[in-house]
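Read through the structure below, which is laid out as structure tokens, and then see the notes.
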Amino acid sequence: MEASKLLSRFEQQYGASPAPVRFFHAPGRVNLIGEHIDYNGGYVLPAALEFGTTLLIREREDHCVRLATTNFEYQLEIDVSALADAKQDQWTDYPIGVMNQLQQSDRGLTKGYELLFHGDIPNGAGLSSSASLEVVTAYALLTLEGHHIDRTDIALLSQRAENRFVGVNCGIMDQFAVAQGKLDHAILLLCDTLEYTHVPFQTDGYCLIIGNTNKRRGLVDSKYNERRAQCEEAVRALQAAYPHMTLLAHLTAEQFEAEADKIADDTVRARAAHVIAENDRVKQSVDALKNNDLIRFGELMNASHDSLRDLYEVSCEELDIMVKEARCIEGTLGSRMTGAGFGGCTVSLVREDAAEQFVVRVGAAYEEQTGLHPEFYICRVGDGVRELAPLAKTAKIDKEG
Ligand code: GLA
């Protein structure tokens, strides 16, 4: 939705006021490779997308916080002093969770605000619409309250909001990617220490295509927690040989192979084998990108999917069909599921001149085999969370230029 329309919507919702309305934006994210690695302390390679969540926000004279979105009917009005008990099992839990975490880190709201969100990330597609909502709230409130902006701190605070207030046990990757994204760059993040670098993602002649299976992600929370528990079990077993390790990604492939039989349970051993190899694949992917070797990068994407399907078992029929069909297109270098799995999206690296054909042919074959109508987004890698230019200025720039 255009900025001017959003502003009219804001004024319709909250009325006029002399205080300015400020605009903020946080992207969604796609993970290029390094899946189910963040909570195991290894390397991930996500990137911010160009679509995301826009927030319009205005200060109030009192201590009332009002939240609304263009995406859902549900709205909330609450006093700043009542935020801790404001869990509603609604979308508002994400921004309220962030406000709570700000309070708990001595940066609680000193006044009330009016907030209107507008998200253009497909919901429940595994492209981090929730992280985007959290991070844009944190960034905007820290800015308006005059606090120092530290993007890693914003990612951690948003993750805590999700873990503790919303009650989802996610890792750090999504919030970090949304906070630290950079145009045309992927983010190489070591999740154990939060050291990171921006890796140029130059794919001249190729593009990323995200394919939404539109399969509802059933049981994702319980299966996700089960995988985390299996990784912890693998660590406990391997500690017999490596007493100092606390996270699976601390081991090299050689160290793991030498002692893998310490893990008695076949399933748990397979989960650990995925983590060790996937962590390695991320490092190899970065080398491939640095050498401009997109063919190698595509092979690693393919290997990642196969491991998530066979060893980690977080894919599903719909994701596998979409990936299989994507790989049949001449011009696809690699294709894999992205995010937690059990539905959601695939990401494929495709020659630009084959993109149109990809969308038509993969779409038709997928629909025929699953009965579900998929959606495709040809994406560019975008920037992380930021404040947007005030509307009057934007309009002027548009007019002049
Ligand atoms: C979800 C979680 C992330 C990460 C991925 C799997 O997106 O929110 O923290 O664990 O799954 O890589």
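Using N, Cα and C of the backbone, Cβ positions are placed for all residues, glycine too.
Nobody curates TrEMBL annotations by hand; they come from automatic prediction.
Counting every protein chain shown, the Cβ of Asp174 (active site, proton acceptor) has 30 other Cβ atoms within 10 Å. The active site, proton acceptor feature in TrEMBL is assigned to Asp174.
According to TrEMBL, the substrate binding site annotation covers Glu35, His36, Ile37, Asp38, Tyr224. With a cut-off of 8 Å between CB atoms and residues at least 6 apart in sequence, the same chain places Val44, Gly171, Ile172, Met173, Leu189, Cys191 near Asp38 (substrate binding site), listed in sequence order.
Secondary structure at Ser130 (Mg(2+) binding site), as computed by DSSP, is helix. Other Cβ atoms within 10 Å of the Cβ of Ser130 (Mg(2+) binding site), summed over all protein chains shown, number 27. Summarising the annotation, TrEMBL assigns Mg(2+) binding site to Ser130, Glu162.
Note on the domain 'Galactokinase N-terminal' (9-58): DSSP counts are 9 helix, 28 strand, 13 coil. TrEMBL lists 9-58 with the feature domain 'Galactokinase N-terminal'.
If you look up TrEMBL, you'll see 94-181 marked as domain 'GHMP kinase N-terminal'.
Sequence annotations record features per position, and here TrEMBL assigns domain 'GHMP kinase C-terminal' to 286-367.
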Tally of DSSP helical, extended and coil residues in the domain 'GHMP kinase N-terminal' (94-181): 51 helix, 7 strand, 30 coil
Neighbour-count leader, CB within 10 A, binding-site residues: Glu35, Glu162: Glu35
For Ile37 (substrate binding site): intrachain residues, at least 6 apart, with Cβ closer than 8 Å: Tyr43, Val44, Met173, Cys191, Ala249, Val275, Glu278, Asn279, Val282
Tally of residues which DSSP labels helix, strand or coil - the domain 'GHMP kinase C-terminal' (286-367): 49 helix, 14 strand, 19 coil
Entries of Glu35, His36, Ser130, Glu162, Tyr224 which, being binding-site residues, have CA atoms within 10 angstroms of Asp174 (active site, proton acceptor): Ser130
Alpha-carbon distance [Glu162 (Mg(2+) binding site); His36 (substrate binding site)] in Å: 17
